[in-house]
Amino acid sequence: MNFQSNISRNIISNFNQLFFNCNYIKATNKCITTSRYVSTIDTRVGQTSVYSPLHQPSQPHPDKSMNGTHYYHHMNNESQQLYSAPHFRKGIQTLKSEDEGEVKEYSFELPIWNEDEVKNVQITHITPETLIDRLAYSSVLFLRKSFDLLTGYKYGHDERKWCRRIVFLETIAGVPGMVGAMVRHLHSLRRMERDYGWIHTLLEEAENERMHLMISLLLRHPPSLFVRLSVLGAQFGFLIYYTLCYAISPKYCHRFVGYLEEEAVRTYTRLIADIDLGKLPEFTSPAPRCAKLYYGLPKDATLKDVFLAMRRDESHHRDVNHHLAILKPGDPNPFASKV
C-alpha cells in the first residue's frame, strides 16, 4: 500500500513539474514574440497599424498557479519597459504613405540645400598630378565612354534616354561608398582601432546615391530586361574591381570617385540646360512626393528642382572624395561631426 502511495505521489509531482515547465515555455515564447513584434514593426513601410501584444492591456495568464503567473507578469513587465524606450516606441507611429516611410524612418541625415547652393554649382576639375591621379582619371574616362555607348547618350537625349542614363548611373554610383565603409569597418575591427569618422560619411554617400535611384525610378516604367541585365553585370564587375582597389589603395579609389562625380555634375548640368531650352517637356511636371520629402522641397516643386538638388549632392560627393584622397587613412575625417 505504501509502495502504491509513493508511486502516486511521484506521478503527481512529475505531472505538476511538467505542467509548470509548459507554462514557463509558453510565457517565454509569449515574451519573445512580443519583443519581436516591437523590434520589427517598422519594417513594413506604409502600414497604418500592426498588431502587437503590447497594444493591449496585459491579460492574466490562464494558469492559476503562483509560479507560472508570477513569471509571466515579471517577463511582461520587462517587455513593457523595453517598449517604453524611444527606439521601440518610434516603431508604431502611423506612416502616412510608403514614400514618407522610406524617407522619414530609414534614411540618414537628409540633405537640405538652399536655393543659392543648388543653383550655383560650378563645374570643376582637379588636374591629375601623381601617377595615382592619372590612373584614376583615365579609368573614369574609359568608364564614361563605355557608359555613353551603353545608354545611347550619343544618339539623342529624350526623356526616356535620360531616365535610362540616370537609373544606370545611380545603380553604380551607390557602390563606392558602401564598399569603402565596409572595408574601413572591417579594418577597424581587425586592427582594433578607431575609424575617425570615415565610415559614417561613406555610408551617407551610398545612401544618398540609393535615394537618387529610388527617385529616378518614379520617372519611368520599370526598366527593361536589357537594362536590368546590364546593371547586374556592371555592378558585379565594378563591385569586385572597386573592393580590390580600395583594399590596395584608398587614395586611388577616392580620387576615382572624385573624378566620377565631376562627370556626374556635367551630366546633370547638361540635363538641366536641356530642360531650360524646352527640349524635355515631360521634365517640367511636378516633383514626386518622395523627392519633396527627401529634399524638403516646396509643394509646387518640379522635376527640375529635384535635378538641381541631385546635382548639388553630386558636387558635394565630388569635393568630399577629392579631399579624402589627399588624407592618410588614419587621419580624422573633417566632414564628420563626431569622430
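From the backbone N, Cα and C atoms, a Cβ is placed for every residue, glycine too.
Automatic prediction, not curation, is the source of TrEMBL annotations.
Binding site for Fe cation 2 per TrEMBL: E261, E314, H317, plus E209 from the candidate set E207, E209. TrEMBL lists E209, H212, E314 as binding Fe cation 1, and of E170, E262, E282 the one it places in that same site is E170. Separating the Cα atoms of E170 (Fe cation 1 binding site) and H317 (Fe cation 2 binding site) is a whole-number distance of 13 Å.
A distance of 6 Å separates the Cα atom of E314 (Fe cation 1 binding site) from that of E261 (Fe cation 2 binding site).
Sequence-distant neighbours of E209 (Fe cation 1 binding site) (same chain, six or more apart, CB under 8 Å from its CB) are E170, A173, G174, G177, H317, listed in sequence order.
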